[in-house]
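Chemist: Straight out of TrEMBL:
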type: TRANSMEM; residues: 12-31; note: transmembrane segment
type: TRANSMEM; residues: 62-81; note: transmembrane segment
type: TRANSMEM; residues: 87-107; note: transmembrane segment
type: DOMAIN; residues: 173-364; note: domain 'EXS'
type: TRANSMEM; residues: 215-234; note: transmembrane segment
type: TRANSMEM; residues: 257-277; note: transmembrane segment
type: TRANSMEM; residues: 298-319; note: transmembrane segment
Amino acid sequence: MEWDHVLPLGYRLNILFNLGLVYYYCLISICHHRYGMNIIKILHLQHEYGNINTLLGSTRKFTKSVTVINLASLIVYNLLGKLMGEYLFILQVLPVITLIFNFYIILVSGEGRLMSIFQRVLLGRIDTKSLRINDLLMSDSITSYSKIILDLANYLNYIIYYGSRDDDDDWKKLDQNRFGVDLIILGLPQLIRLSQCWFEWNHSNRRNRQPFLNFIKYSTNVAPLVMIFITRSYTARESSAPGGGGGGDPILMLEKLLILVNSMYTFFWDVMIDWNFTSVKQAKRNDWVFDASIVFDCSLRFLWLWKFIFTSAGFFYYFHDSDPGMTLFVMQFLEVTRRFVWCIHRLNTEAMRDSITSIEMTKV
């Protein structure tokens, strides 16, 4: 595909990680300028940054650095690819080197705090006091990046096992080698959130029902992955049997039902709990941004349903069949954007709660 020559998989992944940094800067800026939030207080950044301008300046600086490095690396890739051939091994490794260097820049830019949060999140723990919202933003963002992380693992596996060989069968072999592994990678972020919810519920002596209901929500994320694994196993067994195949319709229907339940539950939770729909509508005007965000979130939560609606007309698969790599990239871009929108309204909810708490303390 032409796009694969101009923007190969490795650089599509770099762009998506870069996009996360751009959105992080935009998140801070929008929360401060549009919603008037005291983002320094909400995220407990008083010790690292004295004021909002320092935070914005620091974030803008390392975001620019990462963006410039990604652009320079992509230009070098395309120039060397034309001169020496794009299947040169060093060119296959260049996107990975660029990504590693980007993480290094974030670390030396004074964002080591992010790594401490990241380490705690990976252990399935959550700070139930001051840094709770930071941990939630990090862990939920990781769930949105799960498919991107899978593609990164896919790409690394390809480099390690197949190097620079230009063989169409390589990707087929790679897909066979990662049978089941992709589901594990996709499931790990969900298991992290499950662990955090369980930890919070136990920390409240099982009195706070919200972490438990949140635990159920993330369980509905894991259930479809389990059904996909069962479907694969059943299909493989049936296809290898004499005259086998065609008996997995009930399993497929159950899988779709679980995905539907998950989409409905998570959308309801996004709007009613995480975004505090009732309080926002009571306390605020007609906020068209909030309403548009609900429509956007709903559209992407049920995006999987679109392919069943448009399959007969061939509308959905026209783009997928013409360039599946870029179609996947667009889908991942939209998911990262959805998470960015979610973070804005989630922080707005946190700001409203802090405001109510401050008013109550003043009355006392």
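From the backbone N, Cα and C atoms, a Cβ is placed for every residue, glycine too.
For each feature listed, report its degree of burial, its nearest neighbours and the pertinent distances within the displayed model.
Modeler: Within the chain, the transmembrane segment (12-31) has long-range Cβ neighbours (under 8 A, six or more residues past its boundaries) at 37, 39, 52, 55-56, 59-60, 62-63, 66-67, 70, 73-74, 95, 98-99, 102, 106, 141, 145, 148, 151-152, 155, 325, 329, 332-333, 336-337, 339-340, 343-344, 347-348, 351.
Counting same-chain residues at least six beyond the ends of the transmembrane segment (62-81), those with a Cβ under 8 angstroms from any Cβ of the stretch are 5-8, 11, 14-15, 18, 21-22, 24-25, 88, 90-91, 94-95, 97-98, 101-102, 105-106, 109, 111.
Within the chain, the transmembrane segment (87-107) has long-range Cβ neighbours (under 8 A, six or more residues past its boundaries) at 8-11, 13-14, 17-18, 21, 62, 65-66, 69-70, 73, 76-77, 80-81, 114-115, 152, 155-156, 159, 163-166.
Counting same-chain residues at least six beyond the ends of the transmembrane segment (215-234), those with a Cβ under 8 angstroms from any Cβ of the stretch are 143, 179-180, 183, 186-187, 190-191, 193-194, 197-198, 201, 247-248, 251-252, 254-255, 258-259, 261-262, 265-266, 269.
Listed by sequence, the residues of this chain that lie at least six past the ends of the transmembrane segment (257-277) yet keep a Cβ under 8 A from its Cβ atoms are 210, 214, 216-217, 220-221, 223-224, 227, 290, 293-294, 297-298, 301-302, 304-305, 342, 345-346, 348-349, 352.
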Chemist: Average pLDDT across the domain 'EXS' (173-364)?
Modeler: 82
